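Notes follow the structure.
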Amino acid sequence: MTKVVVTGAAGRMGTQIVRLVRATPGLAVSGAVERAGSPAIGKDAGTLAGGEPLGVAVMDDLARALAGADVVIDFTSHEASVRHAQACAAAGVALVIGSTGFTPDAKAKVAEAARKVPVVLSPNMSVGVNVVFELVRQAARVLGDGYDVEIVEIHHKHKRDAPSGTAVRLGEVAAEALGRAPADALAYTRHGILGERPPWQIGIQTLRGGDVVGEHTVFFCGEGERVEITHRATSREQFARGAARAAAWLPGKPPGVYDMADVLGLRGGK
């Protein structure tokens with residue numbers, strides 16, 4: 001049985017993850033962590049997730065929760081995820097990170113922790129989205145430079161980072177498939193008199209509002225036709241399901257940074 005610690009266990013994603021982990025054969029919730037001062041401290045993680053008691057009380061001490069654990073699932077913030085990665089490295093516990101908004105410095109710190117333990121770091125744990133990454137890769141390769149690539153994403157009004165990590169990754173995938181450097185190709189939310197669109201550019205537009213779980217569309221705009229690849233999330237459950245799948249896959253792997261393409265066996269599509 002793989003023992004799983006869930007951080008942010010009382011949040012919207014954390015409660016979904018607790019439910020999915022307890023429903024996944026071979027996985028068990030062994031620990032639940034929240035920030036210091038959270039009203040969830042001391043409460044049963046299973047009850048907070050809307051189910052039967054698990055006998056696992058939420059605590060604010062990750063180091064203590066890691067004792068005897070095999071893997072941590074972390075959907076908190078990129079700042080907290082860096083601290084959690086460092087704690088996991090010190091304890092020798094694998095880590096699945098679904099947080100977004102990572103700066104280059106934060107990613108470097110996660111990579112440093114991954115020299116000691118295996119880490120899955122993915123901007124989107126949804127199986128469907130990771131299939132979309134591969135579809136975009138193939139479409140960009142086949143359609144080539146004759147099609148302009150644009151990306152539009154929309155999320156709920158509470159999402160703090162923009163654009164979404166998924167939108168950025170979609171742009172990176174398209175750029176790499178077209179032989180372009182993402183740092184040069186990606187353009188975010190245009191404004192003003194900019195002149196004609198550069199042919200090498202990949203635009204990313206961000207919308208926020210309501211309770212939209214997440215929607216991403218990649219447009220390949222050619223002369224006389226347009227190809228659209230869209231993923232719509234209607235529930236956070238698919239993110240939790242993907243995270244549980246990653247948690248079952250990761251323990252025992254060599255140290256290093258992995259993503260959902262590794263978990264799903266999609267590397268052959270590169």
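Backbone N, Cα and C define each Cβ position, glycine as well.
Here the structure is a predicted model, which means the values were calculated and not measured.
Annotated in Swiss-Prot:
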BINDING   G8, A9, A10, G11, R12, M13, E34, G98, S99, T100, S122, P123, N124, M125  NAD(+) binding site
BINDING   R35  NADP(+) binding site
ACT_SITE  H155  active site, proton donor/acceptor
BINDING   H156, G165, T166  (S)-2,3,4,5-tetrahydrodipicolinate binding site
ACT_SITE  K159  active site, proton donor
Where H155 (active site, proton donor/acceptor) falls in three-state DSSP terms: strand
Pairwise CA distance, K159 (active site, proton donor) versus N124 (NAD(+) binding site), rounded so that it is a whole Å: 14
Which of G8, G165, all binding-site residues, has a Cβ with the fewest other Cβ atoms inside 10 Å: G165
Cα proximity to A10 (NAD(+) binding site), best match among recorded positions R35, H155, H156, T166: R35
Cβ-Cβ neighbours of R35 (NADP(+) binding site) (radius 10 Å): 14
Same chain, 6+ residues apart, C-beta under 8 Å of the C-beta of N124 (NAD(+) binding site), given in sequence order: G98, N130, G165, T166, R169, F239, G242, M260
